């Protein structure tokens, strides 16, 4: 598991690029960085990426703490727990390919519905379902942001960033606990994530300065574009 200095820097740059996107839009670190990190060292996905997401989400939550609504996220937190359990059962009885295709199609369907102005209100029921589906996607494919992003897409941009960051803290902690029990969480993952941390923090700081100049409609289209990419890539992975 030894990596050269050049490989470590490439991993750090990939994670910092993902951190920049997530700090501007609200999510996207795993979607942007995970494919590149996996090409360099597959062992680092999803654990190291999840650790960096936890670090970044903690920073983003602090940056936008005045707009955070834990009450609004409560049902998403609750949905995350049974979703993780269901994902465990699915892993035991379904192939990864089948789950990837199902999740990819589900995300694409949600994107199409959003483009046709079908409104998904962030009420208790939809927040629970988003947390539930995000848990399944995050546990089985390492990409759990799209369901939450789609439900919250029409929220004020600053509140969107704050609430997605708050959700990801809880989500990452649950995922890391599950990975630890499964034997996929080692000191190596922590070391690589810490090497990348300065680059991630710099990207987040730059994005925070640029955020006030980013229009709400750009954020929404960015969300839909990333969700589309996640849906297509997840479905294609299932076909492979």
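In case you wondered, yes, glycine gets a Cβ from its N, Cα and C as well.
Annotation comment: TrEMBL describes 12-37 (among others) as transmembrane segment. Among residues of the same chain six or more beyond the transmembrane segment (12-37), those with a C-beta under 8 A of the stretch's C-beta atoms are 44-46, 48-50, 52-53, 56, 60, 142-146, 148-149, 152, 160-161, 164-165, 168, 195-196, 198-200, 202-204, 206-208, 210-211, 214, 219, 222-223, 226, 229-230, 233.
Summarising the annotation, TrEMBL assigns transmembrane segment to 43-62 (among others).
When Cβ-Cβ distances below 8 Å are used as the criterion, the transmembrane segment (83-116) is approached by residues 131-141, 146-147, 150, 153, 174-175, 178, 224, 227-228, 230-240 of the same chain, each at least six residues removed from its ends. Annotation comment: TrEMBL describes 83-116 (among others) as transmembrane segment.
Tertiary proximity for the transmembrane segment (128-152) is limited to same-chain residues at least six positions away from its ends with a CB under 8 Å from its CB atoms, namely 26-28, 30-31, 34, 45-46, 49-50, 75-84, 86-88, 90-91, 96, 99-100, 103, 106-107, 110-111, 114, 120, 122, 160, 163-164, 167-168, 171, 174-175, 178, 223, 226-227, 230-231, 234, 237. The transmembrane segment annotation in TrEMBL covers 128-152 (among others).
Feature annotation from TrEMBL assigns transmembrane segment to 164-186 (among others). Proximity of distant same-chain residues to the transmembrane segment (164-186), defined by a Cβ-Cβ separation under 8 Å and at least 6 residues beyond the stretch ends, is recorded for 26-27, 46-47, 50-51, 53-54, 56-58, 60-61, 64, 68, 70, 73, 76-77, 80-81, 84, 88, 131, 134-135, 138-139, 144-145, 148-149, 152.
Taken from TrEMBL, the feature transmembrane segment covers 192-211 (among others). The list of residues near the transmembrane segment (192-211) in space but at least 6 beyond its ends in sequence, with Cβ under 8 angstroms from a Cβ of it, reads 3, 8, 11-13, 15-17, 19-20, 23-24, 44, 48, 51-52, 55-56, 59-60, 63, 157-158, 161.
Look at TrEMBL and you will find 218-239 (among others) tagged as transmembrane segment.
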